[in-house]
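Here is what Swiss-Prot records for this protein:
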- 246-274: disulfide bond (DISULFID)
- 394-408: disulfide bond (DISULFID)
- 115: N-linked glycosylation site (CARBOHYD)
- 226: O-linked glycosylation site (CARBOHYD)
- 296: N-linked glycosylation site (CARBOHYD)
- 357: N-linked glycosylation site (CARBOHYD)
- 17-207: region 'Sufficient to inhibit LIPG/EL phospholipase activity' (REGION)
- 32-56: region 'Required for inhibition of LPL lipase activity' (REGION)
- 1-16: signal peptide (SIGNAL)
């Protein structure tokens with residue numbers, strides 16, 4: 001452009017100068033005939049100007065062509081990005097439709113489960129009432145039979161009485177089987193209801209977070225945990241025949257380890273795992289076997305329980321207190337190290353209520369492993385979000401809630417599960433460990449904490 005402007009400026013000057021020379025010559029000289037061709041100098045100037053103009057135009061064309069190529073490349077990149085974004089938008093819309101369909105199905109299923117749960121509750125209450133009536137009738141018949149036997153000891157039992165007793169026993173067994181079936185179905189419904197609620201919450205969070213702009217990157221989600229103990233509560237069940245403790249269940253003839261419903265005095269009904277050891281029933285309050293359950297939980301979860309009774313779990317401080325306040329109890333701790341060596345120790349103990357932060361006071365009785373828990377001292381329970389005075393960073397340092405004294409010590413059966421066995425001492429201290437004051441440090445693979453009343457007859 002600059003060259004063109006320069007030529008446009010030079011050419012008029014040359015022409016003007018030439019005209020002036022011609023005029024001056026015309027004035028000073030006699031008229032001469034004009035030449036038919038331009039002067040040689042003028043031709044050279046014009047040729048030089050045109051040459052420069054050509055070079056300038058050539059440079060301009062090359063530069064313009066490069067700019068056009070850059071523009072086309074950017075347009076191609078933009079087209080590809082737009083196409084990719086369109087595909088992602090279509091995929092997101094399809095996923096959203098699928099999520100909405102799934103949400104609708106889950107809502108329908110949830111309503112069905114709710115209706116089934118209400119129906120089962122109604123049936124369960126009616127069955128319990130019928131059982132109470134039948135028990136009263138059986139008791140009345142037994143009293144009549146006793147009177148008949150006492151009044152007529154030498155008279156053989158009447159066939160009708162025998163058949164009546166057999167019929168009543170069969171009815172009672174049938175009702176027991178039916179109640180057990182209803183409780184099993186109730187457990188399954190509770191589990192399904194919890195799973196449906198969890199899926200609904202995930203879908204609700206997904207629908208709330210609908211994208212206002214499309215991003216090509218996504219952030220990973222943090223893993224979730226299941227804080228509260230599943231399959232462990234049945235509320236609003238009113239029946240005096242529910243046992244208060246595992247010993248009662250055992251005394252009624254149930255000699256198999258498993259999950260059972262109990263209702264301690266002045267407490268709600270909940271499920272426990274009754275573990276029969278050498279012909280004696282124990283209530284399992286803690287179990288660690290494989291690290292599948294996170295034990296670095298909050299105070300609320302330690303208070304009411306978490307995990308699964310058929311796996312790793314903590315029964316809950318409030319439930320433990322509701323059991324042990326009924327009588328004097330023994331605490332049994334079973335340990336298994338990574339060499340498959342099994343150890344145990346038993347304590348007589350006292351557990352306070354929530355106002356004392358569930359203070360534990362114990363004395364070792366027997367066992368085949370040295371005691372590692374301070375005796376005759378008030379041990380206060382602490383978690384990372386509920387620390388007792390003097391515990392400072394004990395829950396964080398040991399990755400779980402536990403009973404501590406003034407010092408943290410090196411014992412915590414609710415610590416982090418190290419799998420496989422931790423090599424360094426700091427890692428072993430943060431995990432499941434057991435160490436007496438002057439003894440060796442045991443790195444633990446599995447643990448059980450169980451309780452049993454000292455006076456079993458009081459629960460018959």
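Each Cβ is built from the backbone N, Cα and C atoms, and glycine gets one as well.
Location within the structure of each feature annotated in Swiss-Prot.
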| residue | record | CB count, 10 Å |
| --- | --- | --- |
| 115 | N-linked glycosylation site | 10 |
| 246 | disulfide bond | 28 |
| 274 | disulfide bond | 25 |
| 296 | N-linked glycosylation site | 17 |
| 357 | N-linked glycosylation site | 20 |
| 394 | disulfide bond | 22 |
| 408 | disulfide bond | 19 |
For residue 274 (disulfide bond), the closest of the recorded positions by C-alpha position, picking from 115, 357, 394, is 357
Whole-Å Cα distance, residue 394 (disulfide bond) to residue 296 (N-linked glycosylation site), is 12
The rounded CA-CA distance in Å from residue 357 (N-linked glycosylation site) to residue 408 (disulfide bond) is 16
If you measure between the CA atoms of residue 115 (N-linked glycosylation site) and residue 246 (disulfide bond) and round to the nearest Å, you get 32
Between the C-alpha atoms of residue 296 (N-linked glycosylation site) and residue 408 (disulfide bond), the distance in angstrom, to the nearest integer, is 16
In the three-state DSSP scheme, residue 408 (disulfide bond) belongs to coil
Between the C-alpha atoms of residue 408 (disulfide bond) and residue 246 (disulfide bond), the distance in angstrom, to the nearest integer, is 33
Across the region 'Sufficient to inhibit LIPG/EL phospholipase activity' (17-207) the predicted model averages a pLDDT of 77
Residue 357 (N-linked glycosylation site), DSSP three-state class -> coil
